[in-house]
C-alpha cells in the first residue's frame, strides 16, 4: 500500500494536478519575528489571553495582529493544495479500485442476496483466495491510514478518526481470525461507497470547480446517510444481531462483533450530523462551506475570543523601544516576559 501510494502520488496524481493547474503554493507565510517564533516553537502554538496581552505589550502590537501571526504560522506548516490534491487522488483511486473489486466479488456470492448465508455452515466456511486478498488489502490500507494520521495535517476530529481506524483494524482482524469474513466483506464494501464521492468532491474543490464540488458533496451526503444510517443498520446490524443469534445462539464472538459494529454506528451518527449541517449551509447559502473535517483552520480561529483591546500601532515600535531596540515591528533582543 505504501509503495502504491508513493508511486500514485508522484507519477500519476502530480502530473494530473499540474495539468489541471492546481496551485503548488501553500498557505500565506507569517512575517519573520524572533520573539513570536520562539514562543511558537518552544512554548505554545495556541497562546491564551494572558500570553497574548503580554506579547502585545512587549512587541507593541495589537492583540489581533498577534493572533493573525499565530494563525498564519500554524497554517504555514500545512501542505500545499497540490499535496492535498495528490493525497485525495490517491485515496480516490484506491477506494474506486477496492469498491469495484468488492462489488465484482460479492455479486458472485450467495450472501450478498441472502445475508443468512453468512452463517450457513459456520465456522467451517472455506476461505476463498479472492476473499483473502480483499481482506489483506483493506487491512493494509487502514493500517496505513492509522499511522499516516500522525504525520498528516491534524484535523478537528482527529480523536474520532483515530478511534474509527482502531475499531476498523480490530474489526477486520477479529472477523478474519474468527472466520466471520462473509459479513465482513459486506461491511467493507458498503463503507467504501461514500468515500469515493468524498475524495472526488475534494479534488474538484482543489481544482476550483466550485459547482462540481458542491454537487459531489451533496451527492456524498446522500450516499453517506443512506448507506451508513439506512442500509448499514437494516442490513449489517440486523444480520449480525438477529440472524446470527438465531443460527448459532449466544457465544463470545457474537458480543465482540456487535459491540465493534455498534461503535461504528455511533461514529456514523456523529459524522452524519456534521454532514447534514454542512449540507444545510450549502442549500441555504447556495455554496458548500468548509466541512468540519477541513484541513485548513476554520473561521473560529480567525475570530479569536480575546477582545480587540488595543488599536493598531505603527510597524516601527514606539514607547521607548525604537531605534536600535526595535526593527520592523518586533524587538531584536529580549525574551517573552511571561512564565510558561
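Yeah, the Cβs are placed from backbone N, Cα and C, and that goes for glycine too.
According to TrEMBL, the DNA-binding region annotation covers 38-81.
Positions annotated as compositional bias 'Polar residues' by TrEMBL: 330-340.
Here TrEMBL flags 36-80 as domain 'Homeobox'.
The domain 'TLC' annotation in TrEMBL covers 83-284.
The region 'Disordered' annotation in TrEMBL covers 292-340.
TrEMBL lists 88-106 (among others) with the feature transmembrane segment.
Under the heading transmembrane segment, TrEMBL lists 132-151 (among others).
Marked as transmembrane segment by TrEMBL: 158-177 (among others). Long-range contacts of the transmembrane segment (158-177) within the same chain, counting only residues at least 6 positions beyond its ends with a Cβ under 8 Å from a Cβ of the stretch, are 135, 138-139, 142-143, 145-146, 149, 183-184, 187-188, 253, 256-257, 260-261, 263-264, 267, 270-271.
Residues or ranges marked as transmembrane segment in TrEMBL: 215-235 (among others).
Among residues of the same chain six or more beyond the transmembrane segment (255-276), those with a C-beta under 8 A of the stretch's C-beta atoms are 157, 160, 163-164, 167-168, 170-171, 174-175, 178, 180, 187, 220-221, 224-225, 228-229, 232-233, 236-237, 240-241, 244, 291-293. Look at TrEMBL and you will find 255-276 (among others) tagged as transmembrane segment.
Taken as a whole, the domain 'TLC' (83-284) shows an average pLDDT of 91 in this prediction. The domain 'Homeobox' (36-80): residue composition by secondary structure is 32 helix, 0 strand, 13 coil, according to DSSP.
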